[in-house]
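Below is one structure, written out as structure tokens; comments come after it.
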Amino acid sequence: MYHIWIKFLAAWIFLKRFNGVHVMQAKAPMYRNEPFLVFWNAPTTQCRLRYKVDLDLKTFHIVSNANDSLSGSAVTIFYPNHLGVYPHIDDRGHFFHGIIPQNESLTKHLNKSKSDINRIIPLKAFHGLGVIDWENWRPQWDRNWGSKNVYRNRSIQFARDLHPELSEDKIRRLAKKEYEKAAKSFMRDTLLLAEEMRPDGYWGYYLYPDCQNYDYKTKGDQYTGKCPEIEMSRNDQLLWLWRDSTALFPNVYLEIILRSSDNALKFVHHRLKEAMRIASMAREDYALPVFAYARPFYAYTFEPLTQEDLVTTVGETAAMGAAGIVFWGSMQYASTVDSCQKVKKYMNGPLGRYIVNVTTAAKICSRVLCRKNGRCVRKHSDSNAFLHLFPESFRIMVYANATEKKVIVKGKLELENLIYLRENFMCQCYQGWKGLYCEEYSIKDIRKI
């Protein structure tokens, strides 16, 4: 009964947010007057330091760490071997730290995690994205299918070894109970520790929430992109995780089979829609900021996204009201000077220009529609309205000389442009502001700083 009530409440909040007059308030953006941010989370330090190739990230409005490193003050990602003693089996079949969470000391894990956080993020005033990437197992028993079924089997054997007197049915039930209890403790306590140590960071788990809408390979033209109801229900049951998160990090990685297809947009749209639904149910005071993880190249390839798929990923993420998008990449991006040059060429071409287009359009809409006190969100989440610069009114110009490169957007908003924005977008006000256009200051809604 409890889960039914939670699901009803989440659906009601979501409908009110996207299709009604009231929109749940948002946390103020990480940087003032920057409603939509683009982050770089790829290990491309070698491009700059070894090959002397500057990817021009800042030129194109991309937030990155010093020397374009994988982790730093802007965004830090913790892989399994970077944070505490995370029990798991890796892709090669190697065992780590007891394999299952109920077979490892939580105290030992938290003590090690504290040391790791101090080492990796020495700045106590850290204000960036803190992303924990634990993908080996899921905290819900029923979601450990396929290769993850090993965690269920190990848990059953663990319970059997401790309680040989129990029947197999009781052992299975005990194994599920103990596994989910330990998994919850590991994930929740790790998150709370990170937030206690670096309270100004945006903390959450990569790929949470997930939508499990991966059936585009088998459905073809019948693919809808919608998240299965059972998966949405399971996400509802993770309310404990959403309540303790300060940001959500779903992914919208595109495989090459989706290139420039309708299915690509369906896939991304419904993953974002589910993330926005969860963001609205996590807290009572504001919707959690959503930062979608994307790749500038198709997954498992070094082929850049088409212009259409840049719209599908970056454009869709901005239009749905996310706080930003994070471009993740592999070591391949900086493996050779040619790789670095390929990334740079893409950055100086379609990728960089489109990022400038969307980030600038989001700022303009925030200014003219929401008085810089909120971000623009589609009035109807399933529409095809995007936050793009109007080509008849604006031009993106790149200037470069021997010492610097800069991008300038020239133009002004025309009346018909403003009408379009008002017809297709509404304001999601930041905390402390309310009204149709975020024009009313509300002291009682201001968060404590």
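Every residue number used here counts from 1 along the chain in the order it is shown.
For all residues, glycine too, the Cβ spot is worked out from N, Cα and C.
What you are looking at is a predicted structure, and each value in this text was computed from that prediction instead of being measured.
Listed in Swiss-Prot for this protein:
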- Cys47-Cys340: disulfide bond (DISULFID)
- Asn67: N-linked glycosylation site (CARBOHYD)
- Asn103: N-linked glycosylation site (CARBOHYD)
- Asn111: N-linked glycosylation site (CARBOHYD)
- Glu135: active site, proton donor (ACT_SITE)
- Asn153: N-linked glycosylation site (CARBOHYD)
- Cys211-Cys227: disulfide bond (DISULFID)
- Asn357: N-linked glycosylation site (CARBOHYD)
- Cys365-Cys376: disulfide bond (DISULFID)
- Cys370-Cys427: disulfide bond (DISULFID)
- Asn401: N-linked glycosylation site (CARBOHYD)
- 427-438: domain 'EGF-like' (DOMAIN)
- Cys429-Cys438: disulfide bond (DISULFID)
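Location within the structure of each feature annotated in Swiss-Prot.
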residue : record                      : DSSP (3 states)
Cys47   : disulfide bond              : helix
Asn67   : N-linked glycosylation site : helix
Asn103  : N-linked glycosylation site : helix
Asn153  : N-linked glycosylation site : helix
Cys211  : disulfide bond              : coil
Cys227  : disulfide bond              : coil
Cys370  : disulfide bond              : helix
Cys376  : disulfide bond              : strand
Asn401  : N-linked glycosylation site : coil
Cys438  : disulfide bond              : coil
Counting every protein chain shown, other Cβ atoms within 10 Å of the Cβ of Cys365 (disulfide bond) number 27
Glu135 (active site, proton donor) and Cys211 (disulfide bond), compared by Cα position, are separated in whole Å by 15
Return the member of Asn153, Cys340, Cys365, Cys427, Cys429 nearest to Asn67 (N-linked glycosylation site) in space, with distance defined Cα to Cα and candidates limited to these recorded positions.
Cys340
Measuring Cα to Cα, how far is Cys211 (disulfide bond) from Cys376 (disulfide bond) in Å?
24
Considering Cα atoms only, can you say which of Cys47, Asn103, Cys427, Cys438 is the nearest neighbour of Asn401 (N-linked glycosylation site) among these recorded positions?
Cys47
Taking only the recorded positions Cys47, Asn357, Cys365, Cys376, which one has a CA atom nearest to the CA atom of Cys429 (disulfide bond)?
Cys376
Around the C-beta of the residue listed as 'active site, proton donor', how many further C-beta atoms are within 10 angstroms, looking at every protein chain?
12
Output, ordered by sequence, the same-chain residues six or more apart from Cys376 (disulfide bond) with a CB under 8 Å from its CB, or 'none'.
Pro35, Gly321, Ala362, Cys365, Ser366, Leu369, Cys370, Leu387, Leu421, Phe425, Met426, Cys427, Gln428
Which residues, sitting 6 or more apart from Asn153 (N-linked glycosylation site) on the same chain, put a CB under 8 Å from its CB?
none
Measuring Cα to Cα, how many Å separate Cys47 (disulfide bond) from Cys227 (disulfide bond)?
39
Out of Asn111, Cys227, Asn357, point to the one nearest Cys438 (disulfide bond) in space (Cα versus Cα); all of them are recorded positions in the record.
Asn357
